[in-house]
Amino acid sequence: MDGLDARVPVISPRRPFRDWVSTFGALSWSGFRRYATYRQATIAGSFTNTVFGFLRCYVLLAVAAGAAGGRPGGYGAEQLASFVWVGQGLLTVVSLWGWTELADRIRSGDVAADLLRPVPPIVGYLAPDLGRAGHAMIFRFLPPLAVGALFFDLYAPSRWFTVPLFALSIVLAVVASLGLRFLVNATAYWLHDARGPIALWTLSAGVLAGLYFPLRFLPDWLAVLLWVATPFPGLLQTPLDVLVERDPAPVQLGLVALQAVWATALITAAVFVQRRAERRLVAQGG
Amino acid sequence: MSVIAMRGLRKDFTVRVGRGRLRREKRTVTAVDGIDLGIERGEMVGYIGPNGAGKSTTLKMLTGVLTPSAGEVSVCGLSPVPQRTRLALTIGVVFGQRSQLWWDLPLRDSFALLRHVYRVPAGAHAARLRRCRALLELDEFLDTPVRQLSLGQRMRGELTAALLHGPSVLFLDEPTIGLDVVSKQAVRSFLAELGGSGDVTMVLTTHDLADIERLCRRLVVIDHGRVVHDGTIEALHARYGSRRRLVVDLDAPLAPDFAVPGAELVALDAGGHRASFDLLSSVAGAVVAELTSLAAVRDLALVEPDIEDVVARLYRS
Ligand SMILES: Nc1ncnc2c1ncn2[C@@H]1O[C@H](COP(=O)(O)OP(=O)(O)OP(=O)(O)O)[C@@H](O)[C@H]1O
Ligand SMILES: [Mg+2]
């Protein structure tokens with residue numbers, strides 16, 4: 001077969017930046033396409049998120065009505081409604097639950113196929129995950145938000161940079177979430193069965209990321225501790241606080257910067273763990 | 001320099017075996033036990049052995065997904081594990097039992113994606129894909145998501161995926177497993193054509209020895225992680241004294257003490273009417289002539305030595 005030999009241009013591992021962008025882009029697009037094939041799951045998921053949106057919204061608005069001064073955690077009623085409805089979409093975008101793909105592939109030995117590609121595994125998971133998040137932004141984020149906007153008064157941001165900052169904050173949340181999920185799943189390299197760590201992650205992510213209640217309802221010292229010492233608030237609470245302008249501009253910016261620090265740290269840790277794992281990797285199955 | 005070189009290659013697995021309810025004992029399984037092998041550019045090597053011999057384990061070490069316990073290994077001058085992502089650009093791999101395609105995407109999209117992952121120039125990619133589509137008859141299911149493909153269709157897709165970046169070394173672990181006769185033939189003639197150019201080095205494991213007969217000049221047999229034979233199929237036959245067999249149907253029964261030099265009467269069936277001889281040398285003509293003088297020969301068949309038999313004997317020994 002012509003061209004199937006070593007004379008085909010062998011690409012240097014130091015590929016130019018442009019090549020990397022196109023590889024990354026193609027992988028991201030594959031992630032988008034992949035989720036686009038599951039239409040019924042997308043519709044069912046959106047519907048569920050919307051239903052729970054109503055429940056959460058009525059509960060929080062009742063809390064606000066009963067709170068002294070009507071501003072629990074420093075949020076007004078419109079801000080709380082936005083917090084809920086934007087959060088209902090965002091929780092799928094940042095994939096707060098139910099990602100066990102890497103653990104499953106380690107367990108079955110299919111992870112060997114990931115290693116046979118000329119891209120570092122972490123890139124091979126991050127790029128498609130951003131594509132998945134893009135798909136979720138359109139098909140899981142917008143529908144509940146549209147319904148919420150029909151039935152409730154939502155908060156309209158007043159600062160010009162809030163929306164772009166919110167977008168950046170979402171990207172950082174997705175990256176941090178992938179880093180965390182990768183680390184949790186990677187325990188399967190050592191434990192063979194990552195169900196324990198994954199269950200722990202599912203439990204803590206909901207509470208500590210601010211899904212069940214806004215973390216600002218907690219005493220200040222505890223909220224600060226959560227933000228600085230754990231990556232969880234950066235997954236959901238930070239983007240939401242940014243959008244509803246819960247804090248003055250400098251704090252708003254500072255929260256996103258903190259998110260960036262956590263995202264970098266988590267991806268670095270994931271790369272490190274993957275390297276360690278590969279050194280002792282046992283690819284399962286004949 | 002050899003394209004593939006292994007020196008003292010070893011892999012030990014530590015397994016924990018439960019003994020009783022609480023105690024667990026560590027045990028070491030040696031899957032590959034000191035393999036020395038050199039494979040030159042353009043060679044097509046059949047790498048065979050019984051179940052659990054260590055074939056897949058060897059291929060995993062050659063492709064960089066498994067770290068050897070000891071020994072040296074190099075493929076295309078690279079050290080597989082540390083230089084894995086670089087090596088990935090120059091090798092093509094098919095592990096028959098697992099998929100390297102994107103499960104949810106149509107085959108066509110997987111191929112398009114591979115072009116970007118491997119940074120293949122569009123022209124070269126299109127040319128190779130056209131070739132594979134024709135030879136492996138992919139067109140029928142090119143738009144079907146991989147998860148909906150039959151095993152044979154998927155395997156043809158896997159082979160294509162392994163080749164689109166123009167690898168100079170191919171590792172195929174049971175590429176014909178579970179395929180029907182027609183698909184097997186399609187895959188074999190495809191690989192034969194690929195190997196015919198002399199540029200692609202190929203290492204193939206299989207339990208279907210017809211694959212080997214069709215494709216591989218060189219046969220490496222391993223057992224318990226060690227090489228027990230390395231050479232041509234003919235050399236294997238010679239070493240194990242495989243013989244051609246002559247089966248003759250006669251009108252009259254043959255006496256059991258019938259003898260012709262160079263032939264050995266091994267069976268007399270059907271009341272002496274059917275005689276089977278192992279031929280030690282080219283004496284079929286002489287045997288038939290001698291028999292004709294005793295009784296009319298109604299039918300005869302000459303059976304070539306069977307590679308399955310030799311290999312079975314080799315595995316058992
Ligand atoms: N991950 C693992 N952990 C423990 N032992 C393993 C592991 N993988 C393989 N082995 C052992 O190593 C030996 C060789 O396995 P391998 O998969 O290489 O065999 P094989 O020659 O490919 O066999 P088959 O023809 O059945 O595919 C077997 O005894 C197997 O039990
Ligand atoms: Mg095997």
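Quick reminder: no glycine exception, Cβ is built from N, Cα and C everywhere.
Unlike curated entries, TrEMBL annotations are predicted automatically.
TrEMBL lists A:47-68 (among others) with the feature transmembrane segment.
Long-range contacts of the transmembrane segment (A:80-99) within its own chain (CB-CB distance under 8 A, at least 6 residues past either end) are made by residues 45, 49-50, 52-53, 56-57, 60-61, 64, 72, 129, 132-133, 136-137, 140-145, 147-149, 152-155, 170, 173-174, 177-178, 181, 185, 202, 205-206, 209-211, 214, 235-236, 239-240, 243-244. What TrEMBL records for A:80-99 (among others) is transmembrane segment.
If you look at the transmembrane segment (A:137-156), the same-chain residues 6 or more away from its ends with a CB under 8 A from one of its CBs are 42, 45-46, 49-50, 53-54, 57, 76-79, 81-82, 84-86, 88-90, 92-93, 170, 243-245. If you look up TrEMBL, you'll see A:137-156 (among others) marked as transmembrane segment.
Here the transmembrane segment (A:163-184) has long-range neighbours at 90, 93-96, 99, 102-103, 122, 125-126, 129-130, 133, 137, 157, 194, 197-198, 200-201, 231, 234-236, 238-239, 242-243, 252-253, 255-256, 259-260, 262-263, 265-267, 269-270, 273-274, meaning same-chain residues at least 6 beyond its ends whose C-beta is under 8 angstroms from one of its own. Feature annotation from TrEMBL assigns transmembrane segment to A:163-184 (among others).
For A:196-215 (among others), the entry in TrEMBL reads transmembrane segment.
Per TrEMBL, transmembrane segment is recorded for A:252-273 (among others). Cβ atoms under 8 Å from those of the transmembrane segment (A:252-273) belong to residues 120, 122, 126, 159, 162, 165, 168-169, 172-173, 175-176, 178-180, 182-183, 186, 189, 227-228, 231, 234, 238, 241-242, 245-246 of the same chain, restricted to positions at least 6 beyond its ends.
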